[in-house]
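Record features (TrEMBL):
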BINDING   A:Glu42, A:Ile408, A:His460  Mg(2+) binding site
BINDING   A:Cys61, A:Cys64, A:Cys454  Ni(2+) binding site
BINDING   A:Cys64, A:Cys457  Fe cation binding site
Amino acid sequence: MKRITIDPITRLEGHGKIEVFLDDAGNVAKAYLQIPELRGFEKFCEGRAAEEMPRIVPRICGVCPEAHHLASAKALDSLWQVDPPPAAKKLRELFYCAHFIHSHIAHFYALAAPDFVVGPGADKSQRNILGVVAKVGLETGTQVIKHRSYAQKIQAMIGGKATHPVCGLPGGMSKPLSEEERKHIEAMAMSCVDFAKESLQIFEDVVLKNNEYVKLILSEMYQLAPYSMGLVDGNNRVNFYDGLVRVVDQKGQEVAKFASHQYPDFIAEHVESWSYLKFPYLKNPGWKGIMEDAESGILWVGPLGRLNAAEGMATPMAQKAYEKMYGALGGKPSRATLAFHWARLVELLYAAERMLELSQDPEITSTDIRRLPTAIPREGFGIVEAPRGTLYHHYQTNEQGILEKVNIVVATAHNYAAMNISVDKAAKGLVKNGELNQQALNMIEMAFRAYDPCFGCATHTMPGSLPVDIKIYNSQGEPWINLPW
Amino acid sequence: MVKGNTIIIGLGNPILSDDGVGWVIAQELAKTLKDEFQVTTASLAGFNLLDLLAGYERTFIVDAIQTKNGKAGDIYRLTPEDLQFSRRLASVHDINLVTALELGKTLGLSLPKEIVIYAIEAQDTLTFAEKLSPPVEEAVPRVVKAILEELKQ
């Protein structure tokens, strides 16, 4: 048995990379973010039975298995042209609200709050959830754990397992909800609504009442103006599970609205030689390079993208929080990357309110939850909003339902170009006149952490540091400095 | 359902080549151990792992690892103290094990007194496949044996 010498353990190939190029004066000319991609998932699926997909896709990575599960279940509904009964759709949405609650709580308290509660300039050993708990109190820490665990319990009740669910089938769901489970969920949902309100209050007290933070949120370094994209319901309000994809421009005008099967008509993927990950963009106006104005079809998705792309929230308290947020940010759409965190909390409240509504819906315990598919499969499309943005699944099969082609476009890909611009802007503060600014390292991290990006299978990346390396090159293109995170 | 006071958790992604080694080892152990110990597999980290550990006195975690200059198939036996250097919560999506444990302790959760981590050096964790690479496959029976011996103590 070998005794390990701990020399920073990293995933050698699984690193994101930021490459910074300096000009002659030693200032940043351009910075790029490269995201590693796991290899061959589509190939792995080809030749398998399509109905296996909802159980396979949650294994793409450990971050949002529930989102992949439902996007896949919806793609199978579409593949077999079968519309699930209303109770099945409501059950899926209930399950999915719990997933959002779980994911948004974890992101806000463990990943976002350290920057704001402990401070963006604090040493990285201090900027963590323990630092947050030390500041906001043990009681809040206990509430975080409790409500995250409620969300997991609800997902387990409906999904069969908390993570890696098995409930979604073509045409519906595998198991109805019992009255006893419903009551249990209702009680937990009520508590989640209160906790979401408290979380917004903490954001207000700690972040908004601190001028430094407000200045940071509104600072030019963290502003961006891409197109915004997200699912909306029939009244153009945010929906995570179903509806049409709506895209608005830099002025908030609707420029596209489409169903999942029309996705290829509106979105295309651009390839850059320096990255494995493709860049999805809006076909009209098209790809004009990584630039953020109406001329270039760069999008952002995720909490702020969704709120920008919609006209409001479908639940009363979340709607109020939505109005308050845009009031403070100076109108819609917002350009403030760091407002993703605020938008995430507005969504947390919406998810909790919607979960409570669904748990009180008389139809939620109906046993009519499956319509058996009878059509011959050929092609299926499924879109849901993952917590970090629009997720698209597209399958083509032979007549026996054996997969011939699989295409999956994830939220982080949709945000990839926008993240590159954010990183570039933040990196401009990293090196000035050839001098390295250590604090700017965290500023860059904050720029892309706002998007909650997914670097592939982050399930057990050790040692828990951000898997990103920064390489800086001088104006001759020679390596100047390498900053391991 | 709690079987005894010991839980063995195989971590990883079972369809991502060597990333699934923790699963393979846990499944092997489950065959031998029957009902005496709780054996489970998961693709989880941080907060979720905390849920799994809570309530047990003793825990074995089996997972793949990649170290600088590591040789595929090498086996490491670690404790959370060995990972103290990683105590930093701002990771991409979740908190890491050490942080999760510290948070659990701070909040007064009932966590295992003894946590042992078996980490197996992986060769490939980027290709979707259900097979382990030969050196990692070869490490499986050695880890199974080592854990069985520890359980006897």
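In case you wondered, yes, glycine gets a Cβ from its N, Cα and C as well.
TrEMBL does not curate its annotations; it predicts them automatically.
Recorded residues A:Cys64 (Ni(2+) binding site) and A:Ile408 (Mg(2+) binding site) have their alpha carbons 14 Å apart, per Cα-Cα distance. Within 10 Å of its Cβ, the residue among the binding-site residues A:Cys64, A:Ile408 with the fewest other Cβ atoms is A:Ile408. Around A:Glu42 (Mg(2+) binding site), the C-beta neighbours below 8 angstroms that are at least 6 residues distant in the chain are A:Lys405, A:Val406, A:Asn407, A:Ile408.
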